[in-house]
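These notes are about the structure you will find just below.
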Amino acid sequence: MRILEEVSRTLNEYLLVPNLTTADCTPAAVDLSAPLVRHRVGDPSAIRIAVPLTSAIMGAVSSPRLAIALAQCGGLSFIHQNQPIESQAAMVAAVKRHKAGFRFSDTNIKPSATLGELTTLLDAAERDFAVVTDDGSAHGTFLGLISTRDFHPQRHGTGDSVESRMRRAAGLVTAPPTVSLSEANTLIWDHRLDVLPVVAGDGRLESIVLRRDYELHKRFHNESIDAEKRFRVGAGVNTRDYSQRIPALVEAGADLLCLDSSDGYSVWQHDTLRYVRETYGDRVRVGAGNVVDGRAFRYLADAGADFVKVGIGGGSICITRDQKGIGRGQASALIDVVAERDAYAQRTGEYVPVCCDGGLLSDYHMAIAFALGADFVMLGRYFARFDESPSPLVRVGGQLFKEYWGEGSNRARNVSRYEHGDSQQLVFEEGVDGYVPYAGSLYDNVATTIAKLKATMISCGSTALRAFHDNAVLVPVSHQSYLQNTAEVRLRDRPSDPGQ
Ligand code: RVP
């Protein structure tokens, strides 16, 4: 038995002390770009992202829609592996197929649906139009469009059919899948369209181009794209079916893989990493984890991991610490692993990036993680709250929430992430199934997060993540000091509303 001297600390337990802010520290000068994969010290990483945020390998978080939105903003998603190989590969392929500016139609309806059902759909999705397809799916036969301008609840019965008010395909401007984005935008402006459906030769809906995205597209200068200008996307893999799953994901075009396990310090991860290196050399990039100390980092780095993910038990939906008594405060884990990453780089000349995963509940937690040395972060709860996440939007007591569940919950039953020996079933839960407050669009929220991260770095006198880590001055906070920071305590002293 060995007891570590340091107590286990969370990200909450640190604050940053400002450094001198010089005139060159402006938001425009701050570079948040980060390496994602192993590289020789001094050489660039083969995969870098402009915004160091990745979305968690979870069914409630990383869908093709979210992956595209996040890649547009400069980050990267990992499509979850708790699904059959074919459907995961199809999700990866969908992201790679998607051309910038072309989006999946996410608000679709059948012609036989009622206007009442349509209104419910539009309200929940906060959209003002729906695409009509024969089966109400995103890739059904395109039959027409219907918007809130085509009907009015007082003029048309809620029981009337969508078909009775829709604008039919025959009278609409559409484009073939070969259309380029600039041609699509010309059609939009020439015909004063809000939406241009892209329809394949057999009549099936492929995607849509929105006038509003034209402006949006102009906002993005940092898109995560590959050499062929396709969006980048990652995918989770496991140590059970890797010899079938990995080839399928590579074939589908995945840019980066990541072993998805709650405890990555295992011989199974070693064997899977060796398989990738022996089969593909450096052509396929794969991260490993999760770990909470330097020993485990070294083990996985030696086995060939392209990056190592840190965090056990800190996830917002995670009960691993309660169930198994394993884990470590995220700050302590990060400090230990980052020290080993830097020592490893000095010793071997190889820099293996570190990802901080789980328990990043507010934007300032991300800043603390970067100051402690994380190269990039992985977020579940953060992204689950947005329109683009795949989980249902629900109204509870007048407030909107998105459903969010852990991969170790009964709902997900992700056996390969929570394997315990050779068991093929989830014997006990390590995650919960709950709700997170709905927070709107990913684009707006990521922009705010980036602005806050830049503001923190400016206060700390740094314009790049590595310099931020090197120069950051952090202070552990006492329990009293932490309490004083929480909004709850500050609000308690506020005068009550005059009307109450
Ligand atoms: P959070 O961002 O705090 O919601 O945490 C997300 C992370 O939690 C994931 O990236 C994963 O490492 C971990 N996770 C996912 N499911 C579970 C669970 O069921 N215990 N934990």
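Cβ coordinates come from backbone N, Cα and C, glycine included.
Copied from TrEMBL, the annotated features are:
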- C318: active site, thioimidate intermediate (ACT_SITE)
- R417: active site, proton acceptor (ACT_SITE)
- D260, S261, S262, G311, I312, G313: NAD(+) binding site (BINDING)
- G313, G315, C318: K(+) binding site (BINDING)
- 166-224: domain 'CBS' (DOMAIN)
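This view paints the features noted in TrEMBL onto the structure.
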residue: D260; record: NAD(+) binding site; DSSP class: coil
residue: G311; record: NAD(+) binding site; DSSP class: coil
residue: C318; record: active site, thioimidate intermediate; DSSP class: strand
residue: R417; record: active site, proton acceptor; DSSP class: coil
Largest CA-to-CA spread of NAD(+) binders D260, S261, S262, G311, I312, G313, angstrom: 14
Integer Cα-Cα distance in angstrom, S261 (NAD(+) binding site) to C318 (active site, thioimidate intermediate): 13
Residue among recorded positions G315, C318, R417 with Cα closest to the Cα of S262 (NAD(+) binding site): R417
Listed binding-site residues among D260, G311, G315 whose Cα sits within 10 Å of R417 (active site, proton acceptor): D260
Distance-selected recorded positions near ligand 1 (C-beta under 6 Å), from D260, I312, G313, G315, C318: G315, C318
Shortest C-alpha distance to C318 (active site, thioimidate intermediate) - which of the binding-site residues D260, G311, I312: I312
Rounded mean pLDDT for the residues that make up the domain 'CBS' (166-224): 89
Tertiary neighbours of G311 (NAD(+) binding site) (same chain, Cβ under 8 Å, six or more apart): G289, N290, V292, Q330, A333, C356, D357, G358, G359, M378
G315 (K(+) binding site) to D260 (NAD(+) binding site) - Cα separation in whole Å: 14
